[in-house]
Amino acid sequence: MFCLTFLIVSLFHARQVIALCLANGTPEHARQYLQTDALENMSVGLLLGPWQSNFAVTKIAEILVTEVLGLHAKLHSEMMANSAGAIFAVGGCVDFNHADLGQKKCGLQETQIHVALDAWVGVAVSEQTAFQKMYPSLAPEDMGGMGYRGFETMYVTQSAFQEAYDSEGLALNFYLSYNTTHHDTKRYFTSISDLNVSDMISCADGTSFMNTEHMGNYYRWTGDIDGVTLQLDGTYIGKCSGPGVTGGWTSGSGTYIAKLTSPNLRQKSPRLRSFISKLSMDLNTVMDILQDVRTLPLSSLDAWQDPACSWITRHEHIWSKWIPVDTNCFLGFGVVDEHGTFLPSKTGSVAATEGSVACTPCGVGLYQDAFGKAACVTCADDTTTLLKGASDKEECVCKSGFIESNRQCVPCGEGLTCPSGSTVKLLLDGESSGGSGEDRPQISQSYFSWPEEPLEIYKCPGPHCAGGTPGTCVGGRLGPTCDECPSGMYGTSDGCQSCGIPMMAVWTGGICGVLVLVFGTYYFANPRYMLKVSLAECAKIGFDMTLAFMQNLGVLNAVSVPWPEGLRSLFQFSALFILNLRSLGFNCAAGGDVQQYTATVLLFLGIALSWPCLGSLSQLPCIKRRGMAWDFHKTLGVTGSFLQVVFTTLCNVGLVPFMCFSHPNGRSSIAKYPNIFCGGPDHLTMQILAALILSMGLTHFAACSWAIKKAPAWSTTSRHRLTSVHFLIANFKPGAWWFGLIILLRGPLISLPTVVATDLPGVNLALMICVWLSYLSIQLLYLPWKAPLLNLVDGISTMLFLVLLAVSLHLEPVLPESILILEIIGLGVYYLSIGVILCVCVLSIFLMVLKRCSRSGARTGPRIVNLGQLPDPEEILETIEQIYFNLKAKKNVTELVNKMSTSLSVDDLHIVQKALNILPTDCELGGGGSSRGRIAATRISQMSRKSFASLREEQRQKSSDEACEIQQESIASGSSDEVKQERDELKDPPSDDISI
């Protein structure tokens, strides 16, 4: 009996020894369990996936966890059906393979699965984001990449490849070889009818082909309409023609492969978590493993034991680096004595004095890898340790703000966040969307870098650079600043959208509409100068002010300021008025960035030259005989009106190629077209086009300056010439006829600061404030608009714009605690500015309609436009008449001169002088009034209805009548009847367009 018992015990012990892979491995009875929240024993749960690399890596990890770390571990009985299953399984969902997130039974129990390796979460970003949003406390922790990236592509056996190549030189590893128009590729493969479809799952059963987001992205990126099916709600799913069969192709793009751990593993087993974080293999290592297990079935776990054990025994130099040092403590954990005091280890500690019986741990930035030393070794420059008690030189990692590249710590610089221990490898491995990212390097938001050059950082002016791992853009964007969309698509706030036929039709119709508008503008133009502003003219001026204000807001949008979300969308809308049309699909009609800029420049040139060209064509004899010839001066006036309205936009477009902002890597890009680098051939092309359009703007400004100088003389000698410049003087008082030139000059001046200080938003905004304050000062000094209401509106809108600039200046740098208040102020100023100007338009149109419908409108309109009741002309005339007789009765002229010089202020004398100039020239009261510094408003108004010859005849007749009146006055100066007649003649206005 004793012998039988001894034999059984011996066999059991031998079985235990045989079951161990490592000679010094921890036997099963000595292994420890994890503790559940209810303090019950639980094994480490490892998740398997139905692909060979997952089986191999997970089996290797199981052996190391059990025999080296000394923990009980088990492989979960249910495998994940796809990569997304790893996210839900490690997150504690009971039914983690269910297609519906709401039916996965998450959060019902403590997770039984703690580790998922070789998880291809790069293809399940949307599922991971949704899970983290719905169950933030359950989201798995991303411990970084496996050390290699995966590729989803088709597989061709060597025999099929060789047969095709030997038969007709057809390379089956090249996608064009599968073009059935030229090749019969299917004869090298097994027919689909020869497959047992019962061994295949349907692509409609919980696969990615049913994921509308995945398939929508697939269609937008590839345009493969034959590989998808459009559903009634406008989304796309994969086209399934049978079990496991799908139309379309799978992209061969690199996929991020992660290591996931349950969120509670940090507390339950920090050593296991550290082991998983260090576990890493390069692609060659994995390929060697797969070469050894290529024939093993996934249905038999026992068959994978020997290959995994063989790799472990042959590669201890690799996996030994994954094992945490026993004496290293983790945050919140350590070795303590019976009193609860943490004890230092032998290595990583020193005895500072001879005869010490206790060791002192090396501080942060120090290490000691030997026993019995009196001092710690300092880490190299720019390196430190993460914790105290470091026992190896390898624990010296780059300090915060530095990253390891080619075994050297280099500064991270702008756009790169680098905590302690950062390496380029960790940056490339990155994390999934669900990871916290706090303990690993990552690209900052609004910055980008290529995976091939991860430390070459680009700055993104738009919101499409999400940061994180290199190469990350959102919304399907492309390029080093995530500013482009794939060919055939255009960018919106929701991502890249397909151009399609409707967008092309819209732009075609828009171009046709512009051509019709160009032709019709000549016939709607009214070049008459009206001294008193009408309601219709007030509405037109208000519309011009609104358009100018929106252009100014569009210029402000080019300043690199971190606007709050509400203001950003409004400024992006305002940018449409300076022809930033990319969000409207302009690239669908024009093409790339250079083509878009070329089209914009040609649009300006084409419209500006269209009126002179049409005017020249109208002079053909066949058209001229029918009375359809265009007037030369009116044609110039219409062309000038267009350039006057769009001059701010024209200058901004011309200066765009000179607005270059700097990237952290030393390169620079155009602010409006950030994927165009300054100094390149595309930039040179755009600068040549910019010189062309700026030359046109400079020519227009020079011509306007010359016309402004000549306008006073033209108003008396060549009044027909003023038709050419009516757009420049028509909106202003006769005494401020030149103010249109100030508005023209304001256009380029508000865009120049962005050229001078593109990288310095604070300086940019300060210069803009100076320009606007200068404009406001001139506007308040001269009050140039014809109606007082317009002067008030212009002043208010300018001051509100200055408030907006002040808010923008405070946003640089942004203060998080005041962001909400600044957004409210900014939104209020924006809407108030637009509302005040638009109210003038609406009110003027309303009063104009009211005037036509009732008499009350006739009385109300002028009172509102002029901000009060105008003086009665008869009372003014009586005052002038009284002054006339008083001056005639005055004997001592010297006394009157002395009284005027002592009693009147400087302003009063100027007002009297202006009045004495206005009365002779505009009211034709005779005398020596001078038109210097002023255009003759009366004669401009008469010019549109009377010929120059008739005006001269009228002037001679009036001069003769004045001579007769003077002769009669000398005969009977005291006759009351003659005085009454003279008064009536003085009250008779020369034209119904002019009133005092």
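Keep in mind that glycine also has a Cβ here, set from the backbone N, Cα and C atoms.
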Matching 113-136, 569-592, 641-664 to TrEMBL annotations, transmembrane segment lands on 641-664
Contact set of the transmembrane segment (789-809) with the rest of its chain, CB cutoff 8 A exclusive, min separation 6+ beyond the ends, reads 533, 538, 541-542, 545, 549, 552, 556, 559, 561, 563, 731, 761-762, 765-766, 768-769, 772-773, 775-776, 779-780, 783, 822, 825-826, 829-830, 832-833, 836-837, 840, 864-867
How does the model score the domain 'Tyrosine-protein kinase ephrin type A/B receptor-like' (353-396) in terms of mean pLDDT? 79
Using Cβ atoms and a strict cutoff of less than 8 Å, what residues sit near the transmembrane segment (765-782) while being 6 or more residues removed from its termini? 556, 559, 561, 735-736, 739, 742, 746, 749-750, 752-753, 756-757, 791, 794-795, 798-799, 801-802, 805-806, 808-809, 812
Residue counts in helix (H, G, I), strand (E, B) and coil for the domain 'Tyrosine-protein kinase ephrin type A/B receptor-like' (353-396), per DSSP? 3 helix, 9 strand, 32 coil
